[in-house]
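Engineer: First, the structure itself, so that you have it in front of you.
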Amino acid sequence: MATETGTETIRVLQSTAIALSQPSGRDSNDGPAPTAPPTSSTQGGGDDEALTDRKPSAARTALITLPLCLSTLLSALDITIVIPAIPTIVASLGSVAGYIWIGSAFILASTATTPLWGTIADIWGRKPVILVAIAIFLGGSLLCALSPNINALIAGRAVQGLGSAGMGTMVNVIICDFFSVRDRGLYLGFTSLAHALGSAIGPLVGGALTEKANWRWCFWINLPIGGAVFVILLFFLKVASPGTPIVAGLKKIDWAGGSLVVGSVLMVLLALDFGDVVFPWSSATVISLIVFGVVTGALFVLNEWKFAKEPIIPLHLFSSKSAVAAYGVYVFNFYVFIGMLYYLPLYSQAVLGANALISGIYILPLIVASSLAAAFVGFFIQKTGKYLGVMYIGQFLSILGVGLFIYLPFERSLARLFIFEILVGVGGGMNIEPPLIAVQAINSSRDTAAVVSSMNFVRSIAIAISIVVGGVIFQNEMTAANPALVTQIGAELGRQFNGDQAAAKVDAINELPGQQQGVVRQAYFDSLRDVWIMYVAFSALSLLFNVFVRAHHLSTENKEAVLGADREKTVSPDRNVELK
């Protein structure tokens, strides 16, 4: 029983991670020119030349975009490739107790450290930091592949999560540095396609490797791909490098803020992880983790506001109403999109009777539609310089698509299912890039990495909460339906479909007689309808935030990032002006 429930928790954590490497850009190009030249610490060092003063050639663009897309694909692949291998891994290493930590170690390390990578990139530059992140990820992959026991594997997964957070952040930061704000949406759209491809093929590749070779190849496969990315970026990535000495850089890190944000995230995510799986929600452990996590988070905000000289998340990023609204759109868009992506397989398996592989195929319309929509929107923004209109169109399509799921009939209707998925996918995909660009258009070039890391951070937290809230609603509805199930199929069978066990007992439905299957599937269907209603409400909330987002001019010029240990001495460009 604990193992089955642990499987469900792993799925929650892995779905949370799906969003970690989604594009997250920011604008360094929309304000007037700096009122003072950058200090020497912002200039390129060694062979690295800044590419911000001219438009890169097509060959160099391809040479940089390709490894960045491969990095994104690798991060997404590593999240989902392990899903079908987990039961085999646990059996091989002989530790059922470590089941849950194979997924959660990755997520905890990745989410908790995401805000730190932006600060590190500002101090030491983009190229050395992304190379370090890739090296950490490959080191974690090697440790996982060679792990002799479950503890070594869990440690390797945590190291992988740390490196993955850096890769996801740095891919987006480099794209933002490399291209103007008007162009970058197109290239971030390419990384969206890469992420979708990695997420989609991960379970298939993982299942094939586990069955035909060995589960360790799920980690070995990272090494040649990641190694190729490392070599290409090492020799061909030419960006500004401040050459900050290690000691000088370490002195500039906001260690208090870093400790507080990591501690806060770990406590909150552990509470979400443990709730109703390891401990009841009402237990002292879960409540204490939530309370102390929130208090620590408040202390982090206070530190960033009053004490930090170089804040990890500068609070002036939220000083504009339009920027706050764009953050809200971004957060709630992913709250809904990833929530639907997570619960649709449960619908396919519990209501339609599909197996795990078929349920994965059933969500392809959602994944493909969102990826193509994101790429199209990036192209549209590049050509027109406008983003606000597509945000509204995406919001309406998302509300329509999720709302139609409420009226999806109980009888199998794949045509309707796929059409509704496409609407949700297009709506969600259309709001992957525009909210980022809306924030980018307000802030200056010195905040590039801070915006990227902060948006990645709030997004991953929102997704974790979304999946937990959806799970609580589903469990409560299944608990409420349980007395009727007990009456119709008997107490012994009915109890296994109670709220806290329902998601982990989907396979048991197929073992019931035909008539009893129908009764149980109807209970799942009705419970998931309330989940869809919740997501419609949050889609509407996203639209409400959209009202306060303002259009800004998107420049085709690019400006050099402000880097180095002395970057606070550099005068920052003024903020961009709102279009009337």
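Here the Cβ of each residue, glycine as well, is placed from N, Cα and C on the backbone.
From TrEMBL, here are the annotated features:
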REGION    20-52  region 'Disordered'
TRANSMEM  63-86  transmembrane segment
DOMAIN    64-554  domain 'Major facilitator superfamily (MFS) profile'
TRANSMEM  98-117  transmembrane segment
TRANSMEM  129-150  transmembrane segment
TRANSMEM  162-179  transmembrane segment
TRANSMEM  186-209  transmembrane segment
TRANSMEM  253-272  transmembrane segment
TRANSMEM  278-302  transmembrane segment
TRANSMEM  356-381  transmembrane segment
TRANSMEM  388-408  transmembrane segment
TRANSMEM  414-436  transmembrane segment
TRANSMEM  457-474  transmembrane segment
TRANSMEM  532-549  transmembrane segment
Engineer: Answer with yes or no whether the transmembrane segment (253-272) touches the transmembrane segment (186-209) by the criterion of at least three Cβ pairs under 8 A, sequence separation 6 or more.
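Structural biologist: Contact between the transmembrane segment (253-272) and the transmembrane segment (186-209): absent, because fewer than 3 Cβ pairs are under 8 Å.
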Engineer: Take every residue in the domain 'Major facilitator superfamily (MFS) profile' (64-554), average their pLDDT values, and give the whole-number result.
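Structural biologist: A mean pLDDT of 88 is what the predicted model shows over the domain 'Major facilitator superfamily (MFS) profile' (64-554).
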Engineer: What stretch in 63-86, 162-179, 253-272, 356-381, 532-549 has the biggest tally of Cβ pairs under 8 Å against the transmembrane segment (388-408)?
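Structural biologist: It is 532-549, which has the most Cβ pairs under 8 Å.
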Engineer: Count the CB pairs under 8 A between the transmembrane segment (414-436) and each of 253-272, 278-302, 356-381, 532-549, then give me the winner.
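Structural biologist: Out of the listed stretches, 356-381 contacts the transmembrane segment (414-436) most.
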